[in-house]
Each structure stands twice: as structure tokens, then as C-alpha cells.
């Protein structure tokens, strides 16, 4: 069985959480591991009409048979971690989660610096979660590690060893990235970016998967890309236009209103290339064409929606295998057997 990595192709908030949740339940991976930056990115998923938002734990938590892991490359905020254990207690998360003992720790001083620094919080528009300052301490070899926090001891593990052991045994491993290509420290709209690279290569390294062991890379795009905070947004539409189209969204972590734009095919193609996409996922197709809401059969999509998907495939050069047509888990078209 393969390893599968899911990353964002735009500026985050693409709907990765809903794609990951579907894959977790449908494909039944034995391990779901989180890579990415840390608690500055929130993933949301609707289960039976209830919204669950996580910032630290893997979004595939609802797959009760899976081991849930947080890779060594991820920053851990103990306060957020324990809050989510309680928040998700109905899913038996506490007994299934493991944190790599090498994860760097976000301390209160990091959050305070993130929120009080005029450049980071004012100009760049960071979330104030402390990730940038914590990663800076990590680079300077000053950050604490998970193994230094007594309260985390029951959850410590070697994530890289667990993941590679699972792959050796033929198990399916699902790896979650955070944020999106446009926020990558290396490839994004610098300096309006996050504090590390968030492409598929880095996300694989975060959990200890070498490049030869990556089988599938799914890059997620939203039909109308959004961005929270400052920075270039070439296809941004006026807020009045977003209101008219019913495209009003707020960030999971910050609560700030998201800027909205038109689909950027040029960016999508570049993002897919650098991420090494084997497949694309498109979310919120129902926002592009309201008649697509709830459709689960590709052949039954209205013409406008289907032409949009075909245009993405043609211009990006990668097949679209998963299409979200609404907020609930079952609002999805799975074309993976036909592409």
C-alpha cells in the first residue's frame, strides 16, 4: 500500500481538511500523520452537521482505526494539544495519538512575541500563534523539544520509525500538509509567507518519509482561492463582488475575513509542478456553480461545472480525482478509478 500526501495549492484554506477526512474514512489508512508548520493553520471538517476544527492533531481523527501522529517537523503547542484531546474525546483520540519526541515546542513567550511584533503581526499578518518565533528558536538551537515537556511523555514516539515500519508492512499512510503553496517560505509570495516550506517534499520530510517512498501527491485547490492577511493576490476580486457571489469566509485560527479571488490557472500549474502532483482535488465547486451542490456522480454535474473541471485539467496538466460539491463528508465526487 502507498503513502499519500495531501497539500494545499494556493494560500491555504483550500479545503484540505474535507479531502483528508474523506480519504481517512474511505481509504482507511492505518496511520494518519500531520506535517506542516504547527498551530497557525486550522483544518475544519463537518461531521453529521457539526463543525470540528483542529490546529494540532491530524484532521483524519474521525477514522477510529487509525494511529494519529504529529511529525518531528511540526511545532507543538501543549495548550492546544491538550485542548484538542478534550475536544475530540468522543473519537477516542487520546489512546491513538503520538507526538514525535523531537518536535519543537511553542511556548507562551513565542506567542507573545508573535502578537506584539509590529512587523510580523502588523505588516506580514501572522496568526499570532507563535510559530515564527518558535521556528526561529529552533534554527538557533534554542527551542525546547517535546521530550523536555513532562506532560507530553505519555504521547512521545519516533514518528519516522512508525511511519516507515508501516510502509514496510504494506500499510497505507496518509500525510497531511498545512497552509498552501503560496505561503511557502521558499516558493511563496515572500515576505508574506509562513516560517518554513510547506510543499509536498517538506511535508514528507516532516514525518520522516524519504522521497523514494512517496507514492501519491494530491494538491488541493479551491474554486475561488482565498487569502488571510497581507501579501500579493493577483486575481483578487473586490469585497463587494465576493459579497454578491456569496463568498464570505473567515479564518479558522484568526477569525479574520478572507480575501477572495478568481481561480489562477498559471499559479495552479506552477504549484502542481513544484509539488509533484499526481492528482488534483477541487473543493467548493458548488460555489462556482450552485447547481453542482451535493452532486456525487461526475456525469451528473451541470455543464458549467464540468467545463470548469476540464479547463483545470487541461491548463494545469494533472487529472482532477476528487471534487467537493458541498460541506458535508458525503458531498464528494471520487473519480480516482477513472482517471
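Even glycines carry a Cβ here, placed using N, Cα and C.
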Check Swiss-Prot: it lists 13, 14, 15, 16, 40, 41, 42, 43, 127, 141, 194, 256 as binding IMP. Then name which of 56, 179 it lists for that same site.
179
In terms of DSSP three-state secondary structure, what is the assignment for residue 44 (GTP binding site)?
strand
Can you tell which of 12, 42 has the least company, meaning the fewest other C-beta atoms within 10 angstroms of its C-beta, among these binding-site residues?
42
Spatial neighbours of residue 43 (active site, proton donor) among the recorded positions 13, 18, 179, 285 [C-alpha, 10 Å]:
13, 18, 179
Most distant Cα pair in Å, residues 13, 14, 15, 16, 40, 41, 42, 43, 127, 141, 179, 194, 256 binding IMP:
34
Compare the C-alpha of residue 13 (active site, proton acceptor) with the C-alpha of each of the binding-site residues 40, 179, 285, 325, and give the closest one.
179
Please report how many Å separate the Cα atom of residue 12 (GTP binding site) from that of residue 179 (IMP binding site), as a whole number.
4
